[in-house]
Each structure stands twice: as structure tokens, then as C-alpha cells.
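Peer 1: Dropping a structure here in C-alpha cells format, bear with me for questions.
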Amino acid sequence: MLAARLIILLSFYWLSASAIDPADPLFVDLPHGKIRGRDNGFYYSYESLPYAEPPVGELRFEAPQPYKQQWTDTFDATQPPVTCMQWNQFIFGDNKLAGVEDCLTVSIYKPKNTSQSSFPVVAHMHGGAFMFGEARQNGHENMMREGKLILVKISYRLGPLGFASTGDAGLSGNFGLKDQRLALLWIKQNIASFGGEPENIIVVGHSAGGASVHLQMLREDFAQVAKAGISFGGNAMDPWVIHRSARGRTFELGRIVGCGQASDSMELKNCLKSKPAGEIVSAVHSFLVFAYVPFAPFGPVVESPDAPEAFISQHPVDIIKSGKFAQVPWAVTYNTEDGGYNAAVLLEKQASSGRELIFDLNDHWFDWAPYLLFYRDSMTTIKDMDDYSRKLRQEYLGDRRFSVESYWDLQRLFTDVLYKNATELALDLYRKHGKSPVYAFVYDNPANTGIGQFFAKRTDVHFGTVHGDEYFLIFENLARGPEMRSDEEIISRNFLNMINDFVLSGNGTMTFGNCVLQDNVGSNKLQLLSITKNGCENLQLESFP
């Protein structure tokens with residue numbers, strides 16, 4: 001079904017070419033009608049363009065349907081994209097519900113660069129653990145100032161609305177991933193109308209956005225919608241990506257919102273369709289052990305082979321081993337202290353006690369660690385789980401207690417288990433089973449302020465190079481300070497040039513500054529580019545440092 005839809009959608013592409021009015025580039029003709037964008041000084045924006053029918057009512061918990069409406073009046077594309085409904089950890093107070101259910105849009109940003117008649121295209125997947133976040137959480141002014149690329153930001157369903165699954169054909173799941181897929185089809189079909197080059201599309205994302213890029217690339221037909229992908233700080237191997245116990249969690253969701261009488265998946269889905277969306281999303285609170293842990297109670301699943309329009313029906317490891325995935329260039333990254341994203345929240349002083357949560361780990365390690373590190377559902381018995389918890393603590397902390405002084409080793413544990421080990425695993429699989437180039441880099445250059453300080457609400461701790469420190473040099477984010485150091489300005493420009501050159505490369509080569517990244521496919525050793533404030537260096541490794 002998805003392949004047939006692709007053929008139908010792409011057949012409209014030629015109708016949309018050269019649709020910008022040369023007399024007024026704010027107006028663009030699309031198959032649905034005319035739109036009006038905004039002049040932002042050094043770039044144009046065309047925001048909140050629907051790519052799917054609203055996923056409400058009978059379309060809730062279903063694969064997205066292509067947008068069908070025709071506009072009789074000019075569509076106002078000057079409004080920023082709305083937030084997809086979510087339980088957002090960044091909202092203070094007890095009620096963290098935000099957003100709306102009707103949110104499936106793309107937003108397009110085009111630089112004013114008269115020296116280019118057309119532009120390569122970056123399709124952007126935002127992060128947020130598949131639970132929260134939004135298209136506008138990352139800025140675009142750095143990319144627009146460079147003037148070389150068109151940027152398209154994708155909004156997709158999140159949390160239970162995007163990823164509830166009973167593991168069978170009745171309520172298959174992965175609706176957020178299917179949204180992303182349909183958005184990529186829309187971009188391929190329509191981007192020429194904005195001066196974009198449909199033959200030069202690269203998909204990038206960070207964290208869950210990076211994992212989304214990888215999951216999209218595990219479909220063999222990805223090559224029909226994009227030329228390459230970059231997964232920053234997240235990939236499909238990460239333990240928080242593929243969920244193993246979605247069925248029980250989804251039936252529990254039903255019980256919480258008053259659908260406990262449902263005896264099968266279809267009955268549960270029909271009942272959930274009748275409930276207010278806000279009630280369903282607010283139920284996320286009931287799945288949290290403390291604070292926002294686990295940070296991803298709902299997420300991607302391996303669908304049943306008989307599921308309608310299944311996105312993936314094998315585990316990512318098995319897909320890669322089979323060789324049946326898109327053979328297009330891919331890059332994957334991690335930061336030296338990525339785990340600070342998850343660990344730093346434990347350093348915030350609690351209003352009730354005046355001390356940090358990290359001290360509570362001494363009494364609750366065996367209860368909390370499986371949720372913090374996402375192995376609760378992968379262990380067969382409680383004993384297996386406790387043994388693994390004990391092993392991790394001994395390996396990283398020895399006999400020391402959890403405290404502010406031992407934070408560095410705790411974040412190292414989080415970095416390894418949640419990010420670094422999975423990146424190494426992905427590279428190892430691709431070098432054995434891949435055919436197109438696969439690259440990797442590690443970033444080690446702490447921001448003055450970043451996610452570590454943001455979550456811990458303190459600056460007296462050295463957090464290192466935390467999750468997002470590299471990505472926010474490309475796409476601005478409020479979690480870090482707005483100013484860049486001189487070394488970060490150079491790195492930012494190198495990243496932007498890297499993306500531009502990667503998508504335009506005829507043979508999939510990738511460069512950063514004066515360094516040429518080395519291909520892992522077929523290599524006897526892991527090829528990893530190290531990026532620091534002092535430059536870049538190619539490393540050949542038996543295993544990651």
C-alpha cells in the first residue's frame with residue numbers, strides 16, 4: 001500500500017515544478033491551491049502546510065491519509081506550526097498537557113540567495129523521545145544565513161497518540177513514523193514548487209529525530225524519497241527506541257481512561273477513539289516512576305507482519321543483517337557525555353528536601369535503574385534484572401555511593417548504555433552488511449551552557465559535551481545560550497557545509513572542515529572522526545573509547 005501511494009504521489013511531482021510566482025516569491029502554487037508565505041529579511045518561510053488529513057475521530061490510531069482538501073482562498077502560510085499533543089516534561093507544574101491533535105504539517109524555509117536558482121533540501125525530524133518536542137523547538141537562522149539549503153521541518157504524532165500499540169493488526173502502532181513517511185512523500189512531490197531539488201533531499205534529526213531518520217532508512221523504499229541521512233545523537237539500536245512491552249502498556253492506557261472492559265485490540269482502539277485526546281495523553285503521567293522517568297513510555301515497535309501498512313515488521317538488528325534496507329549513504333554520531341541529558345536531572349535540588357535526587361539512587365537503584373536505562377522489558381526475570389543492575393553499578397562506581405561527587409561516572413554509565421554502545425553496534429552491523437557508505441563522528445567540545453545546566457538548574461558542575469551540544473550549533477535551541485564562541489562558529493559552519501556537500505556528493509563522500517570521513521562498510525576497524533575545538537582527526541578503532 002505504501003509503495004502504491006508513493007507512485008501515485010510522485011506522479012503529481014511534475015505538475016508542481018516552478019510554481020513560485022517570479023513577481024512575488026511569497027506566493028506559491030500547490031496542487032491544493034495557492035499559498036502565501038512570509039518575508040523574514042534574509043529568508044522566506046511557508047509554515048504549517050498540511051500534508052495529511054487531520055488524524056482525529058475515525059482517523060485516530062490509523063495510518064495517516066494524504067491531505068485531500070482544495071483551497072478556494074489563498075492559504076495563509078505565515079502561522080508557525082502548532083504543537084502535536086503531548087505530555088511535555090519542560091512545562092512546569094503538575095499539568096504538562098500541551099498541543100493539539102490536528103497537527104500534521106510541514107514548514108518550509110528558503111534562503112534569499114539570488115546566486116542559486118534551486119537548492120538542495122534538508123528534511124528535519126525533531127527530537128523528544130517520541131513523546132514530546134515540536135518542529136519549532138530548533139531554530140533555522142544559522143542554516144538560512146549560510147544560504148545554501150532549503151529546510152523542511154516535519155511535525156508528527158507523539159506519545160500514545162503516535163505510538164500506542166497492541167502488537168497486532170488491530171492497533172498496530174508506529175503512527176508517528178508513518179506520519180514522517182507521508183511527510184517525506186509530500187516533500188518529494190512538492191518541494192520543486194519552492195525551488196527545492198527533489199533529487200537532492202537529505203533527512204536529518206537529533207535524538208529521537210536521529211533514531212527516526214535511521215528507522216526511515218531501514219525501509220528499502222527510503223531511496224525513493226531521499227538521497228542520504230544523518231542521525232545525530234540517536235539511532236534505531238538505542239535501547240529506548242524499540243519497545244518490547246507495548247501491548248500491556250496500551251491496554252493499561254485503556255484501563256486508565258475508562259476502556260478497561262475492552263477484550264481485544266479492535267474493541268480497545270474503538271473505545272480509545274471515543275475518548276478526549278487530552279485524557280489519553282494525560283495518562284502518560286501514570287506511567288512515570290518519578291520525575292520524567294522513563295522518558296519514553298511509548299515509542300516505536302516491531303509491527304505484526306499482518307498489520308495494515310506495517311512500517312517495520314522485523315527488529316532493526318534483523319533488518320540490517322538481512323540486507324533489506326535502503327542502500328544509501330548514512331552518518332551516525334554521538335557526544336562524549338550524551339548521557340548527561342538523562343543524568344543531569346538527578347543533580348537538581350528538590351524543593352521538598354533541599355538535596356539532589358542522585359542521593360536517592362542509593363536506596364532505589366534496583367527499582368529505578370531498569371527504567372532509567374531501559375532494560376525493564378528486556379529481562380526475563382527479576383533476578384536477571386537485579387543482577388544486571390548490580391553489574392552496572394559495580395562496573396562504573398565500584399563501592400562508592402551515588403552523590404554529586406560521583407556524578408561523572410553515573411553520566412558515563414548513561415552515555416554508554418543509552419547512546420555510545422548502540423552507535424558502535426550500528427557501525428559494526430553496517431560494516432558487515434551494508435553496501436553504501438556509512439560514517440560516524442564523536443563530538444567533544446562542551447558548550448558554555450547546555451542541556452546539563454538546563455536540567456540540573458546549576459552551573460557549578462562540569463557536565464562535559466552533553467546531548468545536543470553539537471546539534472544546537474546547526475539548529476539553535478533555547479537549552480543552550482544564544483552566543484557561540486569563535487571555535488563554535490567555525491564548527492557550526494563546518495557542519496552546515498558538511499550537510500550541503502554530503503547531499504550533493506555523487507558518490508556519498510563526507511567531509512568536515514579539512515577532514516574526509518572514512519567509510520565503515522567493509523572496514524576491518526571502526527572508522528570514527530573525532531571533532532574537538534582544536535579540529536578533527538580520523539580514528540581507527542577496535543572498539544569505541
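Each residue, glycine too, has its Cβ placed from N, Cα and C.
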Peer 1: If you pull up Swiss-Prot, which of CYS103, CYS271 shows a disulphide to CYS259?
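Peer 2: So the cysteine paired with CYS259 in Swiss-Prot is CYS271.
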Peer 1: Say which of CYS103, CYS515 is recorded by Swiss-Prot as the disulfide partner for CYS84.
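Peer 2: According to Swiss-Prot, the disulfide partner of CYS84 among CYS103, CYS515 is CYS103.
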Peer 1: Hey, how far is CYS271 (disulfide bond) from ASN507 (N-linked glycosylation site), Cα to Cα, in Å?
Peer 2: 51
Peer 1: Please name which of the recorded positions listed here, CYS103, ASN421, CYS515, is nearest in space to SER207 (active site, acyl-ester intermediate), Cα against Cα.
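Peer 2: Smallest Cα separation from SER207 (active site, acyl-ester intermediate) among CYS103, ASN421, CYS515: ASN421.
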Peer 1: Specify the nearest of the recorded positions ASN113, HIS467, CYS515 to ASN421 (N-linked glycosylation site), where nearness means the distance between Cα atoms.
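Peer 2: Given the candidates ASN113, HIS467, CYS515, the nearest one is HIS467.
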Peer 1: Check CYS103 (disulfide bond) against DSSP and tell me helix, strand or coil, would you?
Peer 2: coil
